[in-house]
Amino acid sequence: MDATTPAQTVGVEIYLGPVWPAPSNSTPLALNLSLALREDAPGNLTGDLSEHQQYVIALFLSCLYTIFLFPIGFVGNILILVVNISFREKMTIPDLYFINLAAADLILVADSLIEVFNLDEQYYDIAVLCTFMSLFLQINMYSSVFFLTWMSFDRYLALAKAMRCGLFRTKHHARLSCGLIWMASVSATLVPFTAVHLRHTEEACFCFADVREVQWLEVTLGFIMPFAIIGLCYSLIVRALIRAHRHRGLRPRRQKALRMIFAVVLVFFICWLPENVFISVHLLQWTQPGDTPCKQSFRHAYPLTGHIVNLAAFSNSCLNPLIYSFLGETFRDKLRLYVEQKTSLPALNRFCHATLKAVIPDSTEQSEVRFSSAV
């Protein structure tokens, strides 16, 4: 395609990419990222796909997500909530944080069925519905990343400042922290919404998710800053671990809690990185003069790419229960006891016990003993 001609459209309604070349005031970084993301750029696989082919690929990926990941996320997060609440008297501080994280994940997983089959991006053309869905998703996205950030900081206090901060690391303060995190998540969403809504009330196709200031805030407050804090916490934790091994060693319980939280943070980073890179590339592109707000939406500009990064982000909420089940020793013990209590028939009890023992190989006799060593 000649560099002086505008990007071609594929199909009837889907706009595949911005006009190229970009305006003269664009930065080299924005130009390179724009070309890299273009769905009709050389080397980009989606550039040669028709509208129907992109729809089929998106539908196939949505079906894979619904068949394999959605049941794990939906049932797994419910189990985390039900089992831990059933044994609330034996709940540790990390368990309390994971319960709140599971609540946020469960809401995201339930909402994901609407998102993953929104293949034509139709509800993004309805201003009220688009704004409502965006508010709903952002609150739970912020709560997830805020809980992960606070859990990393809590691990640092438990390992490096145990003597100094022991009086403050109580269940009462943990519950108070959870309430403040939920309030911060709601505020981080509603305050910008109120501000931008007053400026865009006259726009027929206004959607909260498409406002550039909101997108910058989402990338900065929901990804860059939290992971900078998490990285700092884990660097300090590593230093504390090295010192602990030199002197007296580290309690196995705390090692396992640290390993589980690190795994959750790593999976969150991998799943949400594509979404934030996608939004950042869109933000670095200069708005074309005369473009309507609807056409500026990156969801309309790159439908297949946007659908893929959405699926990756939702996958995080489905994978957390797996991490919690396989790395959370206390939860495995609680799950065994919960199943044994709820299965009254002897044959069914033996079957469930054997199944759990095969899936989670660990001796059940040690379950009650391990409950006593709370973090």
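Placement of Cβ uses the backbone N, Cα and C atoms for every residue, glycine included.
The feature topological domain 'Extracellular' is assigned by Swiss-Prot to 1-62 (among others), with sequence analysis given as support.
Marked as N-acetylmethionine by Swiss-Prot on the basis of similarity to another entry: MET1.
Residues or ranges marked as N-linked glycosylation site in Swiss-Prot: ASN32 (among others).
Positions annotated as N-linked glycosylation site by Swiss-Prot: ASN44 (among others).
Among the features that Swiss-Prot reports, transmembrane segment is placed at 63-84 (among others). Sequence-distant contacts of the transmembrane segment (63-84) (same chain, at least 6 residues past either end, Cβ-Cβ under 8 Å): 91, 95, 98-99, 102-103, 105-106, 109-110, 112-113, 116, 311, 314-315, 317-322, 324-325, 331, 334-335, 338.
Sequence-distant contacts of the topological domain 'Cytoplasmic' (85-96) (same chain, at least 6 residues past either end, Cβ-Cβ under 8 Å): 151, 154, 158, 169-171, 174-175, 178, 257, 260-261, 330-331, 334, 337-338, 371, 374-375. Annotated topological domain 'Cytoplasmic' per Swiss-Prot: 85-96 (among others), in sequence order, evidence recorded as sequence analysis.
Look at Swiss-Prot and you will find 97-120 (among others) tagged as transmembrane segment. Tertiary neighbourhood of the transmembrane segment (97-120): same-chain residues 55, 58-59, 62, 65-66, 70, 73-74, 77-78, 80-81, 84-85, 91, 133, 136-137, 140-141, 143-144, 147-148, 150-151, 154, 174, 178, 181-182, 264, 307, 310-311, 314, 316-318, 320-321, 324, 328, selected by CB-CB distance under 8 Å and a gap of 6+ residues from either end.
Residues annotated as topological domain 'Extracellular' in Swiss-Prot: 121-132 (among others). In the predicted model, the topological domain 'Extracellular' (121-132) has a mean pLDDT of 66.
For CYS130 (disulfide bond), the number of other Cβ atoms no farther than 10 Å from its own Cβ, over all displayed protein chains, is 22. Per Swiss-Prot, the feature disulfide bond maps to CYS130-CYS207.
Per Swiss-Prot, the feature transmembrane segment maps to 133-153 (among others).
As annotated by Swiss-Prot, topological domain 'Cytoplasmic' applies to 154-175 (among others).
The feature transmembrane segment is assigned by Swiss-Prot to 176-194 (among others), with sequence analysis given as support.
The topological domain 'Extracellular' feature in Swiss-Prot is assigned to 195-220 (among others).
The transmembrane segment feature in Swiss-Prot is assigned to 221-236 (among others).
Annotation source Swiss-Prot lists topological domain 'Cytoplasmic' at 237-259 (among others), citing sequence analysis.
Under the heading transmembrane segment, Swiss-Prot lists 260-280 (among others), citing sequence analysis as support. With a cut-off of 8 Å between Cβ atoms, the residues of this chain six or more beyond the transmembrane segment (260-280) that come close are 37, 94, 101, 144-145, 148, 151-152, 155, 215, 218-219, 222-224, 227, 230, 234, 298, 302, 305-306, 308-310, 312-313, 315-316, 319-320, 323-324, 327-328.
Per DSSP, the secondary structure of the topological domain 'Cytoplasmic' (154-175) breaks down as 16 helix, 0 strand, 6 coil.
Listed as Cβ neighbours of the topological domain 'Cytoplasmic' (154-175) (distance under 8 Å, sequence separation of 6 or more from its ends, same chain) are residues 91, 93-94, 96-97, 233-234, 236-237, 239-241, 244, 250, 254, 257-258, 261, 375.
Its Cβ taken as reference, CYS207 (disulfide bond) is surrounded by 25 other Cβ atoms within 10 Å in the chains shown. Long-range contacts of the transmembrane segment (307-327) within the same chain: residues 58, 61-62, 65, 69-70, 72-73, 75-77, 79-80, 98, 101-102, 104-106, 108-109, 112, 115-116, 119, 141, 144, 256, 259-260, 263-264, 267-268, 271-272, 274-275, 277-278, 335, 360, each at least 6 residues beyond the stretch ends and with a Cβ under 8 Å from a Cβ of the stretch.
Through the fold, the transmembrane segment (133-153) approaches residues 94, 97-98, 100-101, 104-105, 107-108, 111, 114-115, 123, 177-178, 181-182, 184-186, 188-190, 193, 207-209, 218, 221-223, 226, 229-230, 233-234, 237, 261, 264-265, 268, 272, 313, 316-317 of its own chain, all at least 6 residues removed from its boundaries and within a Cβ separation under 8 Å.
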